[in-house]
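Residues or ranges marked as ATP binding site in Swiss-Prot (evidence: sequence analysis): 8, 9, 10, 11, 12, 13, 14, 15, 16.
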């Protein structure tokens, strides 16, 4: 049984890569971000609005973290989430961080969510500020400290395919050991 975590900031490429890894290695896929989006949608809120609410209501993060941890315990899974590597660090076999500079991530988010660049920038900056503060306050986790990761990749100059090949080779080497 293997547990692989792919983390990173919004727009860094974690979801794209996590899905590809899960498919390639025939593993289950689970996204903490999708759960957060489901909660926002069910409450009729934007991600920005739910992030602000979550800053004062730890029950949202607690529920997401509980569900994420339960999925990790089942094994044979690729977990995708900004905080996931810290939440399941004691059972994750491989922890990978994918990122890109802010301007690249904002462009990707605008394209993915079909919104203009200014809105993507506004929402992303607020979301990241609130998340960083919330994660430190609730968990004592500095999400800028990447020392827990086995592999860190800046995807700015890499295609989706090249990024995947780096990740795939890293995982294959780990699985052979």
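Note that Cβ sites are derived from N, Cα and C of the backbone, with glycine treated the same way.
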What is the number of other Cβ atoms found within 10 Å of the Cβ of residue 14 (ATP binding site)?
26
Additional residues surrounding ATP, by Cβ distance to the 8, 9, 10, 11, 12, 13, 14, 15, 16 centre under 8 Å
17, 98, 99, 100, 105, 108, 155
Which residues, sitting 6 or more apart from residue 12 (ATP binding site) on the same chain, put a CB under 8 Å from its CB?
98, 99, 100, 105, 155
Neighbour-count leader, CB within 10 A, binding-site residues: 8, 10
8
